[in-house]
Amino acid sequence: MSMLYYTLLIAILISVQAAPKTKDHAPARSSAKSRIPHHTHRTKSLHHSHGKLEAKEPSYFRNVTVDPKLFRKRKFRSPRVLFSTQPPPLSEDFQHLEYLDDEESLNKTIRAKRTVHPVLHKGEYSVCDSVSMWVGEKTKATDIKGKEVTVLGEVNINNSVFKQYFFETKCRDPKPVSSGCRGIDAKHWNSYCTTTHTFVKALTMEGKQAAWRFIRIDTACVCVLSRKGRT
């Protein structure tokens with residue numbers, strides 16, 4: 001009888017000690033569950049924030065959209081400035097190509113004007129040697145006020161990308177012959193070839209808007225003379 005009593009007493013004590021352990025574990029599981037959504041929310045927030053840091057601002061001056069009316073208002077057009085969807089011919093026979101204006105300004109073609117440059121015949125030579133080419137990678141230039149300005153390389157007109165080209169001429173060599181310019185009396189004159197400039201109306205950025213502005217480009221190669229002193 002006493003053995004049965006002790007057995008029942010031990011069983012009761014074991015059940016009493018086990019009950020608090022069960023209550024202690026329950027809040028722990030509940031707490032773990034409550035922290036999971038919070039951790040997930042923080043993770044999403046971190047990913048969202050990280051995405052903002054990685055986002056890059058698009059280049060502002062790349063493929064700027066321009067109102068076609070801006071071309072119809074342009075004055076002082078120069079045959080040395082061309083807007084085209086394709087590279088212009090490199091031959092000097094087409095050095096007077098220009099962008100079709102007014103009603104034809106959105107046509108993706110170019111035309112040639114009659115040349116006014118003298119043609120050298122056999123036995124005739126230039127005083128200075130020059131090279132002419134279309135320049136389509138101009139990003140900076142000096143305006144008529146002497147300030148550096150940003151030149152628009154490409155513009156978007158009616159969902160078509162047009163590139164701005166400049167026909168530039170510069171000296172090939174400051175001294176085509178040992179004495180300087182070709183055909184100059186070296187006994188009485190010092191001479192050398194130099195590139196000269198002119199100003200043309202080009203599309204540039206003014207603040208946050210595209211605007212026409214006079215910029216300086218290379219346009220000719222001339223001979224500079226100075227009289228030698230008497231000996």
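Cβ coordinates come from backbone N, Cα and C, glycine included.
Under the heading signal peptide, Swiss-Prot lists 1-18.
The region 'Disordered' feature in Swiss-Prot is assigned to 24-53.
Residues or ranges marked as compositional bias 'Basic residues' by Swiss-Prot: 35-50.
Residues or ranges marked as N-linked glycosylation site in Swiss-Prot: Asn63 (among others).
Summarising the annotation, Swiss-Prot assigns N-linked glycosylation site to Asn107 (among others).
What Swiss-Prot records for Cys128-Cys193 (among others) is disulfide bond, and it gives similarity to another entry as the kind of evidence. In the structure as shown, the Cβ atom of Cys193 (disulfide bond) sits within 10 Å of 23 other Cβ atoms.
Summarising the annotation, Swiss-Prot assigns N-linked glycosylation site to Asn158 (among others) and lists sequence analysis as the type of evidence. Under DSSP, Asn158 (N-linked glycosylation site) is assigned to coil, being neither helix nor strand in the three-state scheme.
Residues or ranges marked as disulfide bond by Swiss-Prot on the basis of similarity to another entry: Cys171-Cys221 (among others). Remark: Cys221 (disulfide bond) has Cys128, Asp129, Ser130, Thr169, Lys170, Cys171, Arg172, Cys193, Thr194, Thr195, Thr196 as non-local neighbours, by Cβ distance under 8 Å and separation of at least 6 in sequence. In the three-state DSSP reading, Cys221 (disulfide bond) counts as strand.
Less than 8 angstroms from the CB of Cys223 (disulfide bond) sit Val127, Cys128, Gly180, Cys181, Ile184, Ser191, Tyr192, Cys193, each of them six or more residues away in the same chain. Taken from Swiss-Prot, the feature disulfide bond applies to Cys181-Cys223 (among others), supported by similarity to another entry.
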In three-state DSSP terms, the structure that Cys128 (disulfide bond) belongs to: coil
Lowest local Cβ density among Cys128, Cys171, Cys181, which the record lists as disulfide-bonded residues, within 10 Å: Cys171
Reduced DSSP assignment, Cys181 (disulfide bond): coil
